[in-house]
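Notes follow the structure.
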Amino acid sequence: MKQYLELMQKVLDEGTQKNDRTGTGTLSIFGHQMRFNLQEGFPLVTTKRCHLRSIIHELLWFLQGDTNIAYLHENNVTIWDEWADENGDLGPVYGKQWRAWPTPDGRHIDQITTVLNQLKNDPDSRRIIVSAWNVGELDKMALAPCHAFFQFYVADGKLSCQLYQRSCDVFLGLPFNIASYALLVHMMAQQCDLEVGDFVWTGGDTHLYSNHMDQTHLQLSREPRSLPKLIIKRKPESIFDYRFEDFEIEGYDPHPGIKAPVAI
């Protein structure tokens, strides 16, 4: 994961001081890309421990179309707590847009099922895309989508994916985002009888918060370790039938975790 550390250093070296919605302040760059060959290992940051339980359960929660944090709480995941209302609701965030994008005539589009069908029946299509950026519902969301738009691509029997992330918290959020979409590529590839290819991450406003600087320097002082391997123990009937127990990360030997405040 040297690419991730190189991005951190780039933001420190080249970033512009900016104000932000949270009032915290950031160092920010605009436009950056990283490519991870998923054949070479699972891209889980090793210079600090990442909470894999949260990453897996959040993705399963998205795929169910859920937008209430009850499921996350049942599985000891608290990463969305700060944005939920008193009933645990977040509004029409990722899961709603992925699974039930509303149309003007009252129907709903299941984008995940749509892209799966495209991958199986028209893998050369240039329209195998999922968007969470629904302009008509942004004002109803507790938090506008940060990882907003992703596209799948099939070549030589391998499935690749590119994500556009409009806003990226490099220290806290990005390790989760990389691992989450890498996991999704593995799951989609298994469902479509494909090998995994590359995960390409593209960032817009890519920033380090001003209260993450000490943590960033600590992480940069650590040497990356070998990437772990993802094992999926079974092939469920559909992309929506995976369970937490289906996944195993083999050989994950990270440095200790580093705590940092969340900008809300």
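In case you wondered, yes, glycine gets a Cβ from its N, Cα and C as well.
Non-local contacts of Ser167 (dUMP binding site) by the CB criterion (under 8 A, 6+ apart in sequence, same chain) comprise Cys146, Gly204, Asp205, His207. In the three-state DSSP reading, Ser167 (dUMP binding site) counts as strand. Sequence annotations record features per position, and here Swiss-Prot assigns dUMP binding site to Arg21, Arg126, Arg127, Arg166, Ser167, Cys168, Asp169, Asn177, His207, Leu208, Tyr209 based on sequence analysis.
His51 ((6R)-5,10-methylene-5,6,7,8-tetrahydrofolate binding site) is surrounded by 16 other CB atoms, counting those within 10 A of its CB over all protein chains shown. The DSSP secondary structure for His51 ((6R)-5,10-methylene-5,6,7,8-tetrahydrofolate binding site) is coil. The (6R)-5,10-methylene-5,6,7,8-tetrahydrofolate binding site annotation in Swiss-Prot covers His51, Asp169, Ala263.
In the three-state DSSP scheme, Cys146 (active site, nucleophile) is classed as coil. As annotated by Swiss-Prot, active site, nucleophile applies to Cys146.
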* Cα proximity to His51 ((6R)-5,10-methylene-5,6,7,8-tetrahydrofolate binding site), best match among binding-site residues Arg21, Arg127, Asp169, Tyr209 -> Asp169
* Asked: What count of other C-beta atoms do you get within 10 angstroms of the C-beta of Asp169 (dUMP binding site), across all chains shown?
  -> 23
* Structure fact -> Counting across all protein chains, other CB atoms within 10 angstroms of the CB of Ala263 ((6R)-5,10-methylene-5,6,7,8-tetrahydrofolate binding site) number 20
